[in-house]
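What TrEMBL records for this protein:
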- 580: active site, proton acceptor (ACT_SITE)
- 176, 240, 442: FAD binding site (BINDING)
- 305, 306, 307, 308, 309, 310, 311, 312, 400: NAD(+) binding site (BINDING)
- 167-172: disulfide bond (DISULFID)
- 29-91: domain 'Glutaredoxin' (DOMAIN)
- 121-458: domain 'FAD/NAD(P)-binding' (DOMAIN)
- 478-590: domain 'Pyridine nucleotide-disulphide oxidoreductase dimerisation' (DOMAIN)
């Protein structure tokens, strides 16, 4: 019967109390929740990860929800949600529930009365790259029993490698060494202007270079294994896959399977190159995973993509004397400062690298087998119906990388990933939605894909887990360098992002072209090296972005990165005395703003 007009029906408090008690008594896990509450969702994820069913009453969408919450206040003296009960016992809110999980009292309340078997390891790390190795050694040094699993799934062409991950085997290390090989070629040309005389025809031997680089990488692989052994870290060259909470299956190359348990897991599986998904890509093309150990000179090469991997590889191959073309779908170096990216591309074009813009391959056919053989590439314009065809000896695909997370059983234990890119969302302590699983390195969603970042994150994670530390990895103002023929170093905001974040009216951009003294005698490439800083006028002209295009850009950028961490301002730069003659000194003498429109070309050193 409805209440008389103008009157409100009073809650049936006795009925509500009975309803609440009945819900608590009839469900193994009862969660009084609100559908929009992140803490409620976190508690639900905990029970999901434990494969424990629960019943959740969403008070914000339930009739009498506010009254039920008042009943809970009287019953538990807790006003907030989630309000969790296990087998009739009040556990509390989000923090209390997680604390109960950590100290084992939650498991006892759930009825797991038998004494659980102790875990085999304190920590198992899946992935033996830079981040995983750093985390494992730090945890072992803190007295923990640690296992590392590392397994390289061979490329479609059968390439695989040893312990150490992408950076050591198919990334930073061989890339920088091949970049150096190309720079030596340029130095040989310059040397004649400095008085060096030689009669012998200079040419490059690809096989000799690859053998020397692979020998060095092999020594690093061995060193990592020795280091793990010295730290008493168990290493398995096996593929790890979760089969249930706290338990993985490890499968080695022979198909032999073992099972291992741990209290805590760290995902450090890294990424692998993405293919195009067109006819012939996996059958006839290579990626950076294959290039650095390629046993023959690649010859005339098409590089597909405009990532830093694409431009670095194209750059050093051209520097070694190869005929190189880069096919670009849209922009160069997505995510980097676009003015700098275009200057990188312009320098490469003037030094022999050809660019085909606004085209994508649609088919790769093999015309002739061999080492390297001959391939025909058919490509289509992104802006119209135009089709082009061209022959190459090698096609290198460098269009991006995918996280290695989809086939390691994460769905079995409830770890969430970003379905679009396979990356793992984590909190500011690298913890996934499943409390005992953490992630570091290139697989983190929205974080930088850089080796030093993974190493720092891995060490700090181990120190927080086992050393009583509270230090977190700082993902802000991380310096990086693209090792194209003219190196590009940066720290902080790209100009476009700075404008988006702060507004153009609040920024001042100082810039200059410069001519390295070493290049003056050979008389080459004046007014191609470029530097700029982006300053926030509303914060004492603090430097929020630093960019340099020139030789040894990485060495230049590293020192300024420390200064930016310390709050570098334009005034402090102006007060700094430069070292003459160096490239880095241009940052201490910049006085022309972009807004002024003044000429920045240089006439001498």
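One-based numbering along the chain as shown.
Each Cβ is built from the backbone N, Cα and C atoms, and glycine gets one as well.
In the predicted model, the domain 'Pyridine nucleotide-disulphide oxidoreductase dimerisation' (478-590) shows an average pLDDT of 97. For the pair residue 442 (FAD binding site) and residue 307 (NAD(+) binding site), the Cα-Cα distance reads 15 Å. Minimal Cβ crowding within 10 Å, among the recorded positions 176, 580, is found at 580. Look at the domain 'Glutaredoxin' (29-91): DSSP puts its residues at 24 helix, 16 strand, 23 coil. With respect to residue 167 (disulfide bond), the closest of these recorded positions in Cα terms is 311, chosen from 240, 305, 311, 580. A gap of 10 Å separates the Cα atoms of residue 309 (NAD(+) binding site) and residue 172 (disulfide bond). With residue 400 (NAD(+) binding site) as the anchor, the candidate recorded positions are 176, 240, 580, and the one with the nearest CA is 176.
Cα of residue 172 (disulfide bond) to Cα of residue 311 (NAD(+) binding site): a distance of 14 Å. The highest number of surrounding Cβ atoms within 10 Å, among the recorded positions 167, 172, 309, 311, is found at 311. Taking 176, 240, 580 as the recorded positions under consideration, the smallest Cα distance to residue 311 (NAD(+) binding site) is found for 176. In sequence order, 303, 313, 333, 398, 399 are the residues of the same chain, not among 305, 306, 307, 308, 309, 310, 311, 312, 400, whose CB sits within 8 A of the CB centroid for the NAD(+) site. Summarising the NAD(+) site geometry, the residues cited as binding it (305, 306, 307, 308, 309, 310, 311, 312, 400) extend over a maximum Cα to Cα distance of 13 Å. The helix, strand and coil residue counts that DSSP assigns across the domain 'Pyridine nucleotide-disulphide oxidoreductase dimerisation' (478-590) are 42 helix, 33 strand, 38 coil. In this record, FAD is bound by 176, 240, 442; the longest C-alpha to C-alpha distance in that set is 31 Å. Non-local contacts of residue 307 (NAD(+) binding site) by the CB criterion (under 8 A, 6+ apart in sequence, same chain) comprise 333, 334, 398, 399, 400.
When the binding-site residues 176, 240, 305 are ranked by how far their Cα is from the Cα of residue 580 (active site, proton acceptor), 176 comes first.
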